[in-house]
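A.B. asks: Have a look at the structure that comes next, please.
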Amino acid sequence: MLKRKLGPEDLRRLETPAIERESHGQTSAKSSVPDSASTVAVDFAGVTKSYGNKIVVDELSFSVASGECFGLLGPNGAGKSTIARMLLGMTCPDAGTITVLGVPVPARARLARRGIGVVPQFDNLDQEFTVRENLLVFGRYFGMSTRQSEAVIPSLLEFARLERKADARVSELSGGMKRCLTMARALINDPQLIVMDEPTTGLDPHARHLIWERLRALLARGKTIILTTHFMEEAERLCDRLCVLEKGRNIAEGGPQALIDEHIGCQVMEIYGGDPHELLSLVKPHSQRIEVSGETLYCYAPDPDQVRTQLQGRAGLRLLLRPANLEDVFLRLTGREMEE
């Protein structure tokens, strides 16, 4: 099957940058850019958004410093995607103010977006274009000429580790390769801020670790990243700071380890295989706190050996001792486990 190449109609479409077409003669993409000198990349102040009678984002406030990876951590329905859409000016808040790269949003969202790269949750690549053509076409949405795009495409292919796949159709790529291409495409305009919505959802562990390694490379370049995720390990590995969301509210904010130390502060003993309510009286005297979720008993114990001693001889029990993590923080703050 032959690959679909850019035809005459595609090339004519590329002659006029998309931003210029949208602006109907207004200032071109290169004549004005967001403020890159600000120490605050993103600021939400008292932002609220409702759909009908349902409050999706509830008086949310947070700030993201330039050069940091900031996580929005929460289950589906916590408001993560709505926050991302408001940040991009695609959804208007009902109340509060949003500033992105020194620009008020949504009032000047078009200007702000010139300094933003977006990696959506689901790939929206052109399946019949080649890897190189996907990058070339996307560059036009930022007012880049073919020559300008071609000058940066080799470095983007190297970043995505797709040098040998430059002329392959997207449909020929693995899931991990597609995510890397989507990341490379988001970098075509050398953005100051990168917004990533659930970047590793649906990927196998190997591909997930590859994406994490590429994200760390972006942070080393001084890029600012806002990451929405429900993967606790992802947030712990990548985020300098994060905001824990529950029903659109900011219920905790800080560095991953700082949040763990503040809200948990000790090791966790997970107990399976018995009635957790029957075990409470045995382990409670030796635990700072106990949480029950389904059939699992979580004991936050300064001295786990004392808990283990109390449970010796009880048939069918399984014990798992582990360090505290962000899952425990979420359970502590909300009374339930993180759900996909």
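Every residue gets a Cβ built from N, Cα and C, even glycine.
Residues or ranges marked as region 'Disordered' in Swiss-Prot: 1-34. The feature compositional bias 'Basic and acidic residues' is assigned by Swiss-Prot to 1-24. The compositional bias 'Polar residues' annotation in Swiss-Prot covers 25-34. For 42-272, the entry in Swiss-Prot reads domain 'ABC transporter', with the evidence type sequence analysis. The ATP binding site feature in Swiss-Prot is assigned to G74, P75, N76, G77, A78, G79, K80, S81.
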A.B. asks: Highest Cβ count within 10 Å among the binding-site residues P75, N76: which residue is it?
C.D. replies: P75
A.B. asks: Starting from the Cβ centroid of G74, P75, N76, G77, A78, G79, K80, S81, the recorded ATP site, name every other residue in that chain with its Cβ within 8 Å, sequence order please.
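C.D. replies: After dropping the recorded site residues, what remains is T228, H230, L245.
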A.B. asks: Return the single residue from the binding-site residues list (G74, G79) that has the minimum number of other CB atoms within 10 Å.
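C.D. replies: Counting other Cβ atoms within 10 Å of each of the binding-site residues G74, G79 gives the minimum at G79.
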A.B. asks: Would you identify the secondary structure of K80 (ATP binding site) according to DSSP, in three states?
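C.D. replies: Note: K80 (ATP binding site) is helical by DSSP.
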A.B. asks: When a 10 Å sphere is centred on the Cβ of K80 (ATP binding site), how many other Cβ atoms does it contain?
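C.D. replies: Taking all protein chains shown, K80 (ATP binding site) has 25 Cβ neighbours within 10 Å.
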A.B. asks: Cβ atoms within 10 Å, counted per site: which of G77, A78, S81 has the most, among these binding-site residues?
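C.D. replies: The most densely surrounded of these binding-site residues is A78.
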